[in-house]
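Here's a structure for you.
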Amino acid sequence: MRLDIDFKIEYFCTQQKCNSFHKAVQFQYQYYRGTLLVVVSVIMATKTVNIVPTVLVHGGAGKIAEGAIPSKLSGVKMAAHIGYETLLSTGDVVSAVEEAVRSMETNGVFNAGYGSVLNWEGDIQMDAAIMNGSDLNAGCVSLITDILHPISLARCVMEKTRHIYLAGHDAMIFAAENNFTLLPEGALITNASKQALEDYKNSINGGVTEFDFQSIAIKNGLTDGMETFGSPGTVGAVAIDVNGNVAAATSTGGITGKMPGRIGDSPILGAGTYADNAAGSVSATGHGESIMRFNVASRILALVKYEGLTAQEATSKVLDEMRERFNQTAGVISIDHQGNLGIYFTSQHMPWAYQTSNELHYGVTKNITSWKKLK
């Protein structure tokens, strides 16, 4: 004799990270010849996520002089607005992040393009990267000189070559062949960057006249505890459209007094820049050597994709772990694949701004956020 007793229990996961789907579980209890049989089936039902197009930018993590904060905030607010207007007019997240970064490369208060810091020899050598999350295509450039917009050169590498990365002299030849304006030598150098290099050299053992790597206090390969000279960081942008397409772009002049030929994290995919529609997009700023060693961008997006963390949760977790591991600071802006924003920094300051719809949000110190309605 067989007795069947069927009933169904459905529940929605609220305690777990089930942001993109609901779980429905059906239990069938059957008695057959005195034995209880349990049949369990799991039904996955997708949940619609309404994504609001957003462009989020940063102007570099570090210690910023009080008098410089207003100009940096003005710069990131303008960049976010330009990027957002580009997104609305073109529908293209790659163009949005490029234009946002171009805005900051033109602004001498940032360490990118015009206003980039100087290496030990007094020269500018810039890095940049841009990435499209829909197809994982990217362009990266390093050791760029006398070009106002390295981020546009990076996009040109992405779209007009079969490669991802070009650097140095040959990257400059490629730029000339693609009609980039090559400025007179030193045209991007500002008085502020020259003063920062002089101050940096004077801070090392009372001043030195030629590069001597051993004369600089090094601890485990890092300049722990040394004062930052010049503009304290990279610029970057991340964006998402209504369909969940993401992009990221980062541009930098590096660090004051760096060895000629030094390349930081900004153009390194998975370290300072990354975008993937399956997880989100990231642009990092801060101590480049540590960001590279810790693979910051990839770690953040892995937590989003595989652990179900939001952009903010993943970003804060990774940067706190990096600081604990290396005793170095950084900042990150991020957007996950559902449109959640991540803004976090372990440094004293990081100017940031984002525009979504007719609202512009911005800040520079921890836990203080301002916003305004736009007409």
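Cβ coordinates are placed from backbone N, Cα and C, and glycine is handled just like the others.
Okay, so TrEMBL annotates it like this:
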ACT_SITE  THR234  active site, nucleophile
BINDING   ARG262, ILE263, GLY264, ASP265, THR285, GLY286, HIS287, GLY288  substrate binding site
Would you mind ranking the recorded positions THR234, ARG262, ASP265, THR285 by how many other Cβ atoms sit within 10 Å of each Cβ and giving me the lowest?
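So among THR234, ARG262, ASP265, THR285, the recorded positions given, the one with the fewest Cβ atoms within 10 Å is ARG262.
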Do me a favour and check the Cα-Cα span between ILE263 (substrate binding site) and the residue listed as 'active site, nucleophile'; whole Å is fine.
13
In Å, rounded, how far does the Cα of GLY286 (substrate binding site) sit from the Cα of the residue listed as 'active site, nucleophile'?
7
Using a Cβ-Cβ cut-off under 8 angstroms and a sequence gap of six or more, which residues of the chain neighbour GLY264 (substrate binding site)?
ASP127, THR234, THR252, GLY254, ILE255, GLY272, GLY288, GLU289, ILE291, MET292
Tell me the Cβ neighbour count for HIS287 (substrate binding site), meaning other Cβ atoms within 10 Å of its Cβ, over all protein chains shown.
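Result for HIS287 (substrate binding site): 29 neighbouring Cβ atoms inside 10 Å.
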Just checking, which of GLY286, GLY288 (binding-site residues) has the fewest C-beta atoms within 10 Å of its C-beta?
GLY288
Tell me the Cβ neighbour count for ILE263 (substrate binding site), meaning other Cβ atoms within 10 Å of its Cβ, over all protein chains shown.
18
